[in-house]
């Protein structure tokens, strides 16, 4: 089942046209926009088999609730987030050493979009979030993800702890990122079948989520700042996973 939503901005609209053009069902363009990038995108949009409306900027402002739209908006009928029961089908299709990302109650759409983009770049096969107290696929998420939404499935589950237990039963290792962990990400082998579990912007991992993890790791913080934004932290950990999968895990020598 598809889900109609308004997305806007040059990058997110260009990504929809490039990767999923059949689900672009309606277009609104600022009749006064003249930039080269806008004109190129306009030609692509007008080639699609859907209605194209030339409107004034105020109408686009209303359509996008006053957000920055760069003179273009579309009605996009892409796939909605997948449900919990669809996860089993995904697990049956995964090859050796799969990599999944779980985001526990991330509520900022910029953070979710950035995490999706990083996950797509790092080879993550799916992103899982709780259905409640977490942001969904908003226009801001599409804009921040810059095409990643079309490449990586997003699952929304009603019971995250139950889902994590199912993933463990499927043979995956659950690694949670937490400031209280006694080891850093550089001291743990992340090269096998892995579920990386990241916490919310302020609270981090919830107690039940933390209890489901096989191991907790932390990012070493050596300066005056004691934590990173969740999307930045996700990128740091995911690319340590990528490094280990490319070059192998070597445990750091003990300090004397």
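Cβ atoms here come from the backbone N, Cα and C positions, even for glycine.
Curation plays no part in TrEMBL annotations; they are all automatic predictions.
The S-adenosyl-L-methionine binding site feature in TrEMBL is assigned to 199, 219, 228. Per TrEMBL, the feature domain 'RNA 2-O ribose methyltransferase substrate binding' maps to 6-82.
In this entry, S-adenosyl-L-methionine is bound by 199, 219, 228, whose most widely separated C-alpha atoms sit 13 angstrom apart.
The residues near the S-adenosyl-L-methionine site, meaning same-chain residues not in 199, 219, 228 whose C-beta sits within 8 angstroms of the mean position of the site's C-beta atoms, are 177, 179, 198, 204, 218, 227, 229, 230, 232, 233, 234, 236, 237, in sequence order. Look at the domain 'RNA 2-O ribose methyltransferase substrate binding' (6-82): DSSP puts its residues at 31 helix, 20 strand, 26 coil.
Note on the domain 'RNA 2-O ribose methyltransferase substrate binding' (6-82): mean pLDDT across this stretch is 90. Annotation for the binding-site residues 199, 219, 228: lowest Cβ count within 10 Å of the residue's own Cβ, 228.
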